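Residues or ranges marked as transmembrane segment by TrEMBL: 29-50, 62-83, 103-128, 140-164, 194-218, 230-250. Per TrEMBL, domain 'Rhodopsin' is recorded for 51-260.
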Amino acid sequence: MPGNLPDVDFSSWPTPNYDDPEERTWMPAYSITLTVASSIPILIQLFLRSRNEGGGFGLDDLFLVPGWLLNIGFTTVASYASYHNFVTRHVWDTPPLLFEGDALNAWISQILFLLGPGCVKISVLLFYRRIQTGTFNRKWLWCIYGAIWLTIAFTIAFLLALVFNCQPTKAYWKLYDFGWNEEYTCTDTKAINLVAGLISLISDVYAIGLPCFMVQGLKMRRREKISMNAVFLLSLSVVGAGSARTWAFFTFASDSDVTW
């Protein structure tokens, strides 16, 4: 995208096939299924909180609900991109008139993807703060607050980097409008993409590892500890997904076939 466009030899592209191109159309069903599956426990939690079971509403819910809605928005925008052929074809099979809409869709998606998980991580950390009240010593409280402020800081920092990557901001997508000829500047974001992915990965590990250490001092039956550790082990799949995401962000900048 703007700021990190790879060098492209357009003469090396195959002959465009706009009428019957190779397409990948699985993404909407996949993303909607995952969104529905992840929404069920959230709705159950909100229902129980409304009945004051397991504690009433708290600060963690104040961030959970926006995070959930932002992630639904991300799924909606991503599905819109698929249905409108922004991301279902090879770039050489995509009509040039769609390039601007594709870039705008990508910019909005990145905003939502940055804010949504940021809110969810803060909600999880605030939930840890809730369950540790009166149970754990002060060092765990400081660890939780440190993680919260780190999450807030890098979310705001990379949000600003995305907004001010191009000047004016609209150059991010207007660059692909062949009738647009205003002056603009865009910075190289390859390093930013890599750093953003690494920091997000570190925060994932922190959010998963913190409760694992916190519960070690609790008096629990062996079976309960094994069950909780199994849950934490399963949560490592998030770290795996984060690693794949970081690598994808880094390689995306050097791949000319960005729509595929």
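Backbone N, Cα and C define each Cβ position, glycine as well.
A TrEMBL annotation is a machine prediction, not a hand-curated record.
What you are looking at is a predicted structure, and each value in this text was computed from that prediction instead of being measured.
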**Asked** Can you name the far-off residues of the same chain, 6+ from the ends of the transmembrane segment (29-50), with a Cβ under 8 Å from a Cβ of it?
**Response** 56-57, 61, 64-65, 68, 71-72, 75, 78-79
**Asked** Between 0 and 100, where does the mean pLDDT of the domain 'Rhodopsin' (51-260) sit?
**Response** 80
